[in-house]
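Undergrad: A single structure is presented below for examination.
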Amino acid sequence: FQVLLIFAKEDSQSDGFWWACDRAGYRCNIAQTPESALRCFLDKHQEIIVIDHRSSRYFDAEDICRSIRATKPSEHTVILAVVPPISADQEETSVLPLLNAGFERQFMENSNVTACYNELVQIERGEARSQFKLRACNAVFTALDHCQEAVEITSEDHVIQYVNPAFEEMMGYQKGELIGKELTELPKSDKNHVDLLDTINTFIKKGKEWQGVYYARRKSGESIQQHVKITPVIGQGGKIRHFVSLKRLHCTNENNKQVLYLFNVKIFIVFSKLMLFESHSFICKTRRKDSADVKSITSQSSDAPSLQTRRYSSVARIHSMTIEAPITKVINIINAAQENSPITVAEALDRVLEILRTAELYSPQLGAKDEDPHTSDLVGGLMTDGLRRLSGNESAFSKNTNLIPSHLSVPNTINDVPPCIAQVLDNEESWDFNIFELEAVTNKRPLVYLGLKVFARFGVSEFLNCSEATLRAWLQVIEANYHASNSYHNSTHAADVLHATAFFLGKERVKGSLDHLDEVAALIAATIHDVDHPGRTNSFLCNAGSELAVLYNDTAVLESHHTALAFQLTTKDSKCNIFKNIDRNHYRSLRQAIIDMVLATEMTKHFEHVNKFVNSINKPMASEDTGSHTEGSDCEYTANTKNFPDNQTLIKRMMIKCADVANPCRPLELCIEWAGRISEEYFAQTDEEKRQGLPVVMPVFDRNSCSIPKSQISFIDYFITDMFDAWDAFAHLPVLMQHLANNYKHWKTLDELKCKTVRLPTEN
């Protein structure tokens, strides 16, 4: 990833961007004149250009921007203007002149390296990532235009949106005669079975792929027999947005088979190279499925082995020239295995390669569960960053950076806790600890009291070399920035997640796998993980075009805000800065670990985190348990984990994820209370979406019709069971798993009795 800095004179601002590039691992060039800047860009084609727009003394920044925009390579480049700060008595100026000159963003002068780093990383994850995806799309459509298999893409309403030249040649139509027409407008062949179209529609409307033999009528009136494969493409909101049809003449002519074979190899190479490119720079997330079937179609051919050898040796040579990213090595190994494998094995490996080419490697398809609206809505609401917002609907949440409320009475030390609170806290090391009792006796301020006790137990103040007064002030500031008006995402939830995290850290295998820094980072991450949560989901914020969604480019909006605000609150006042006395290296490691854990609570990567944990932690551990039954084998495993920081990261992510959604594993009374609270928050969001005319992200959470038991069953089935099975296999948590089984039974019973509330009417 490359950045070009255009500054006439090097100063603290250019140094800030230079060191930010160094921290992010970007290659950086500096140009001081318009001529050298243009030469450098045409030579390097940088993805980001930063131009000094603070003064026109040495050059005109807008002229430089226009000259760069006049070149072809700049269409995939993001250009940033550094502008002078605005004084308190100045009026905010319009960004339109900058946009008209070709700039895409402005950056208010700030030489702080972290501020520069944050800006560059946001551009990389936002605009630059979109540009990489567009480049890939151009290559894909070029491949489609030149392939010999007929390709047709329609909308969900079966309106033709794209056909390639091979389709035109096969059907006798010109592209202009087809684009925009519904399939029903085209003549049909009378040779198909009367129920065939109904059968096809039944398959594809359920999101299932259909393939088989179909008679089509050419423009000339001739009926031709085709082998057709129709793939539904899932888009925004988890709904079918397109259908991709691949068509070839249904015949057994050997020459035709060889032609199709060559086409499949070309498409395979194009998609593989695209996939390898994206995985080396960053994975471009897309729900589009592969539009080419690269499965072998000559398995019955008499000369298949010779064709197979030629095909796979060619592909292997292509891959040997590609940069050796980890996924590249995997594909190279598969290709090498295919060269000397029986044709049945080679075909199976082809399927493996098809699966590897998807960007959604860890997200399962809903399958039969897709028909359950509760599961579908939960997945759509929790695992997507939202739909496009409707024009004119704005709902901006202001940044709430509360100071320490002066009226709050808090203990000077942990020993000064009032007896009624101390009595409740006596049980805090037990999993069955009742957080709602602590909420009641602390007047909805459980986080400070629980935090003081938990942090003391784990020696957090000693590790950070900060006083208990500083820690207490920090806990007050963090709790003050949780919204007590939220029914669920308030400081009680934060305290609950902190309690669960501390409980997990006490488990022998977890304790043996992590260092003291990891423990401190985990406790801090649990404390701040939802600070200033507005009580609405990421999807809602993106749809509403909120300030936070705009700031974070619709990507991990809330999780990014929680971490950024927490560090801002911590470092802006020495009285509550718990990091002020630790050295720079410790601070950087601690900060990185905290950010990584909080971002792991974002649900769009839920299955990625769980599957990585299973493959990297559970399975190797199971192999060692099988192969070694000595007393020290468990100690050896945890000791080995400390030698692999990546494994420690996976454990910390899994730990905070489980702590964040542990409600179904709490005792039944606590589980019921949490279910009612989260449902109320979702009901309030649905109410507001309807009032503002926004897309309703989770329609089943309508307070007049929602079945809370069904929603809990779906959440447990889809998100909880597999994750806690994996975590239990590592941390050994029999009490939690027993509660989970009992609670699931409770929700099932209510559902069978058609009860939509958290309890039976008689229990209420």
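Note that Cβ sites are derived from N, Cα and C of the backbone, with glycine treated the same way.
Just so you know, TrEMBL annotations are computer predictions that nobody has curated.
The model shown is predicted, which means the values in this text are computed figures rather than measured ones.
Taken from TrEMBL, the feature domain 'PAS' applies to 143-186. Taken from TrEMBL, the feature domain 'PDEase' covers 413-754. Sequence annotations record features per position, and here TrEMBL assigns active site, proton donor to His489. According to TrEMBL, the AMP binding site annotation covers His489, Asn490, Ser491, Thr492, His493, Asp530, Asp660, Gln712. Here TrEMBL flags His493, His529, Asp530, Asp660 as Zn(2+) 1 binding site. The Zn(2+) 2 binding site feature in TrEMBL is assigned to Asp530.
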Undergrad: Looking only at the domain 'PAS' (143-186), report the model's average pLDDT.
TA: 88
Undergrad: Listed binding-site residues are Asn490, Thr492, Asp660, Gln712; which of them have CA atoms within 10 A of the CA of His529 (Zn(2+) 1 binding site)?
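TA: Correct set: Asp660.
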Undergrad: Tell me the Cα distance separating His489 (active site, proton donor) from Gln712 (AMP binding site), rounded to the nearest angstrom.
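TA: It is 17 Å, counting Cα to Cα.
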Undergrad: Taking only same-chain residues 6+ apart in sequence, whose CB is under 8 Å from that of Ser491 (AMP binding site), what do you get?
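TA: Non-local contacts for Ser491 (AMP binding site): Lys444, Arg445, Pro446, Leu447, Glu479, Tyr482, Ala484.
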Undergrad: Just the number: how many Å between the Cα atoms of His489 (active site, proton donor) and Asp530 (AMP binding site)?
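TA: Cα-Cα distance, His489 (active site, proton donor) to Asp530 (AMP binding site): 7 Å.
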Undergrad: For the domain 'PAS' (143-186), what does DSSP give as the number of helix, strand and coil residues?
TA: 18 helix, 12 strand, 14 coil
Undergrad: Just how many other Cβ atoms lie inside 10 Å of the Cβ on His529 (Zn(2+) 1 binding site)?
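TA: Other Cβ atoms found within 10 Å: 27.
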Undergrad: Enumerate same-chain residues with a sequence separation of six or more from Asp530 (AMP binding site) and a Cβ-Cβ distance below 8 A; give 'none' if the list is empty.
TA: Tyr482, His489, His493, Ala494, Val497, Leu558, His562
Undergrad: Please list, in sequence order, every residue of the chain apart from His493, His529, Asp530, Asp660 whose Cβ lies within 8 Å of the Cβ centroid of the Zn(2+) 1 site.
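TA: The surrounding set, listed in chain order, is His489, Ala494, Val497, Ala526, His533, Thr601.
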Undergrad: Rank the binding-site residues Asn490, Thr492 by the number of other Cβ atoms within 10 Å of each Cβ, and give the residue at the low end.
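TA: Ranked by other Cβ atoms within 10 Å, the binding-site residues Asn490, Thr492 bottom out at Asn490.
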